[in-house]
Amino acid sequence: MKFRTLLIIFSLVFLLEIVSASEPQCGRDAGGALCHGNLCCSHWGFCGTTAIYCDVDQGCQSQCWSSPPPPSPPPPPPSPPPPSPPPPSPPPPSPPPPSPPPPSPPPPSPPPPSPPPPGGPERPDHRCGRALGNPPCNPGRCCSIHNWCGSTAAYCRGSSCQYQCWNSLLSALISNGNNAISKIISKSVFDEMFKHMKDCPSKGFYSYDAFIIATTSFPHFGTTGDITTRKRELAAFFAQTSLATTGQRFDSQDLYVWGYCHINETTNGNDNDYCTSAHWPCPSGKKYNSRGAVQLTHNYNYGLAGEALGLDLINNPDLVATDPVISFKTAIWFWMAQHDNKLSCHDILINANSGYVIGNIIKNSGYQNGLITNTISTMRGIGYYKRYCDMLGVSYGDNLDSWYDQTHFSEVARM
């Protein structure tokens, strides 16, 4: 029963409207246009409300955050009392001086600093850098040369980064043996799995390093259960994302070596902006069509993924297609997250022996008709899965083919 689940995952993911960037909106490159709704115009000509848009130190062009007013000067000291008139001669005896007032109580202690954000030691204002004593950013985030913590290439890559950078993070993960994923799959195996990714349209956008760095944001991905379960989860994830990004070279003798060939698979000739949820208002000119390792689609998926990852993907959807780490993070997020209150792909896979009735999960998922009509795509997903299991040295699991044997005896036919 365990790996009937895997087939469901491939079908669910394929039928999910799985979840390409625009001209500047404001500022000097947009003819001096201002942002609507009092939003700030960033150095790069986009509208937003966070420090990267509004802080003049970050290059804000218009409608920026105002500098705080200087503190009010202290009130002037009271005027000294007028001098006492000279006493008559002979002066009367002076009265005894009044008792000195009691000492003022000490000032109250300053309040304690605000606690750091949940999950890490990062400052509440997300500032970092040498001028502040090199405070750490949260795990998976980097300190940029502009003294802000963040998780994109603008913060983490090369000369843009001060510390906790991608290169140093990757070296530490592998050399210290602290990352369970790198123990299961090496760079040489990954490159052999996706042997054509450098001569496909993606031109090497996807990489082992980007994948390993992305996994650090998901501590339960590929690390749950015994080694067999963990290898199968990686094989299933790679099969899912390979099917989404396949080069579709079905005239080839080897159909299953063409994963990670596309970044924006559905953008050519597609005018749909996929702004389908009013809960996530779409800025003018932004499109939410398929991007990245899981071909993320629809504004609500960009919104939810960005919320989970601490990124503004509604205003910057092209990060999924231009930053390989973010591309993999959105794919792993999609794998790990629940959708429509259904079990996540991760949960279904690791609980396949926990008594779940897989057929009921499929029937309740809302994708039954698509599942039946896309048997061929699911079979291709199985082909990818088998190849990756072989390369990771793990068995496929039981009952793998009984769901899609294309006969009236299959589980799908009985649904």
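Each Cβ is built from the backbone N, Cα and C atoms, and glycine gets one as well.
Record source Swiss-Prot places C54 in a disulfide bond whose other cysteine, from C35, C40, C41, is C40. Using a 10 angstroms CA-CA radius around C128 (disulfide bond), the disulfide-bonded residues that qualify from C41, C137, C165 are C137. In this structure, the CA atom of C47 (disulfide bond) is 22 Å away from the CA atom of C156 (disulfide bond). Within 10 Å of the C-beta atom of C60 (disulfide bond) sit 20 other C-beta atoms, taking all shown protein chains into account.
Within the chain carrying the domain 'Chitin-binding type-1 2' (125-167), a Cβ under 8 angstroms from the stretch's Cβ atoms is held by residues 51-52, 57-58, 117, 119, 209, 213, 216-217, 309-311, 319, 322-323, 325-326, all 6 or more beyond its ends. Secondary structure of the domain 'Chitin-binding type-1 2' (125-167), assigned with DSSP and counted as helix (H, G, I), strand (E, B) and coil, comes to 12 helix, 10 strand, 21 coil.
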